[in-house]
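Taken straight from TrEMBL:
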type     : residues : note
TRANSMEM : 7-36     : transmembrane segment
TRANSMEM : 56-75    : transmembrane segment
TRANSMEM : 87-108   : transmembrane segment
TRANSMEM : 149-168  : transmembrane segment
TRANSMEM : 188-215  : transmembrane segment
TRANSMEM : 222-238  : transmembrane segment
DOMAIN   : 230-382  : domain 'O-antigen ligase-related'
TRANSMEM : 376-398  : transmembrane segment
TRANSMEM : 405-426  : transmembrane segment
DOMAIN   : 524-685  : domain 'Glycosyltransferase RgtA/B/C/D-like'
TRANSMEM : 595-613  : transmembrane segment
TRANSMEM : 620-636  : transmembrane segment
TRANSMEM : 642-659  : transmembrane segment
TRANSMEM : 671-687  : transmembrane segment
């Protein structure tokens, strides 16, 4: 028997004895062993078999023994209830759920051995977690002693880090984990294997050390924690770990925000945000100076790190592509690499890093790993576990009167939030991560007020208006803004509006709009183009600047619909309504497009919401604001912006018919105020344009683009009267079924209200929404010219009707169920509804997230300007005019392939000739004309030119 095997057996035996005899002492040993991670220094018997693994196995044996005892008791005394009692802690239940889902996901694995090995590791973590949480439950002092022990261990690691730094810089000697980066300071990793893991441990403990310094009562204690925190901060900088720096920065900002919220409420967050902006402005100004030493240093530092950053982004894309194929349970816990190798992004990643072909590359992201390997179910379980641990910490940090408790809880919460944000770019599959997580979570439970249960804490946050708004902001930001500027503009509308905005920036003329050079464009008012031009002034002429206004107004419309739904029906209805709108495919698609309709929809919806408030609030502020929004809507899309007046008039007529005319004079006053304020907003530009162009402006702007479009099928846009029913059905999809179910109830309400009259006042909101829906639908259906995006203003009101209907259905069903309380049933229903909606959207993602349809053409047009200059003409075969106008600064001619062939045939062989065409057509031309050369191929498109004779 080898000496290593004897040592291994001896270590396992000692660990078992220690765990069974003195569990608390074993925890201190666990903390020490959790940092002995350098595989070359500490592997025993075989690679990656580290000392801590033996101790973790011992905890599994202990747990198995305790379970066996309970099972024997079950047989003798029917102790099943006792087993459930032992495991009923929320953290334990959610941890075991996560463990179960990760195990089930292995059925989809492509590498069973790797999955089982990783699952065995997590099994040990889960078993230890159960024991650890049970042991620490409610004992604040035990938890703090263990955390302080971790701080001393970190202090020793930092001292060793200084030794490493000295030996390398002075003697070029490397011991432990040290990455010598050419022309830069070495990266210090102490006795960890991964420098980023070491940095993460430091960044997660520094906030707690800092708070312990603040709450310590004696100078001696303060000196101790300062002695620990200061070197840890220095070594953190020397790790040169961006993920650890992100962790530290986020935790600091989060902690400061908590303190400001305690002091100033929500205004505290705004204060922190404003401070960040003020600090960032001089740094950005300094970086924008090309001669700045600061800029040079940043670029020099980032240069050798950019490949790593890009690789992490590619891995993130890969995780989502795996999730698309395995949305429910993922591709199998521990099987990321095998699935990633088959993704579309994998060739790009391996082309950038060929060495990755010889090793199993991990996901390098906590969230991406959960999504790819365990799917939506695994991600949900992970979020549940983390939420049940974080919410008590947050509650104590915000509400506790005890200074020590709220400061320590705030530091722990902030560190964990930082860890989870850094986890977007890195994963921490190591024992120290779980040990600290269990410690911090247990502290939150130990200092939770005695009169507060975890359920009450969850209710406090989940039912909070701020929580719902944050949730909607988070999910809306992902669905609307992610990859917003990746695709190039598409003709016609997107590229036209973007070109007009671009011309505004270049010419400085923001009144007269021009698309084609030297020609006035009369189709629409300029408000959206003003927004776009503002962004172009800041971030340049890319597609992101063109789409940002629509995206921002789409984002705002989701929040507005929540606010309106809450105002009319309550929070649940508001949340459902906003989510329905967000997952309506056409609304989401046009929120991500540089078009006018979503922006117009926001102003129309805001105007009608203000009108509805004015019916319940006597302040003249609301009708004036409503008019201003109508004015903005008109300035965005012309006469369409006046639609709220139709809804208002019809609703006021309804009130008059049912006899609710007690406030008739006030209603007339409000309508006049709304009309006047809207005219004040939209009239000046129209008057200015009429003054410049007279009847030509009226004929083009009003007669052709309003009256002719409404009464005739111009530009091949004619559709049947009921065509928009099909459009709404395709766009709302499953929500359309709920709309069909909700409409009969609303119609019945209107019919009843005519006979019951004022007694039906509680149902006026239904009537208002139905009138709103009907008027918008009929207005666009009556028009002969129809396009898919014209009906976008209908979706907010349709979502409100659906949201109120589903909310009432949930309440009714919940009231009939006895085994679960109504709040819990609502939360569960909302989770299932959101999960279904997101997965359904994923299934139909091609309706929203299209490929870069014009990318090849746009890149080749821009390449032509770069390679041949803007003086040379380029001939474009089958490329749309708006695309050509936006992406080239030089002359061009649009033609058919037959005309292109004719021009090449009669080319003089001396003058330059540059063209863009399809690859197949280029190949055909190249066979006939040998002097045709290829400059660049991009997808199915080619930039070519005729090689001309050079003058001697």
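Cβ coordinates are placed from backbone N, Cα and C, and glycine is handled just like the others.
Caution: TrEMBL annotation is automatic and unverified by curators.
These numbers come from a predicted model, not from an experiment.
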Quiz prompt | Confidence summary for the domain 'Glycosyltransferase RgtA/B/C/D-like' (524-685), mean pLDDT rounded | solution = 94
Practice problem: Go through the chain and flag residues at least 6 beyond the ends of the transmembrane segment (188-215) whose CB is under 8 A from any CB in it; none is fine as an answer. | Solution: 35-39, 41-42, 147-148, 150-151, 154, 157-158, 160-161, 164-165, 176-179, 221-222, 225-226, 228-229, 232-233, 235-236, 238-241, 243-245, 247-248, 251-252, 255, 403-404, 407-408, 410-412, 414-416, 418-419, 422, 426, 428, 430, 432-433, 436
Quiz item: What parts of the chain pack near the transmembrane segment (405-426), using Cβ distances under 8 Å and only residues at least 6 beyond its ends?
Solution: 144, 196, 200, 203-205, 207-208, 210-212, 214-215, 242-244, 246-252, 254-255, 258-259, 262, 312, 316, 364-368, 386, 389-390, 392-394, 396-399, 433, 437, 440, 443-444, 447
Quiz item: Do at least three C-beta pairs under 8 angstroms join the transmembrane segment (56-75) to the transmembrane segment (7-36), pairs 6 or more apart in sequence?
Solution: yes
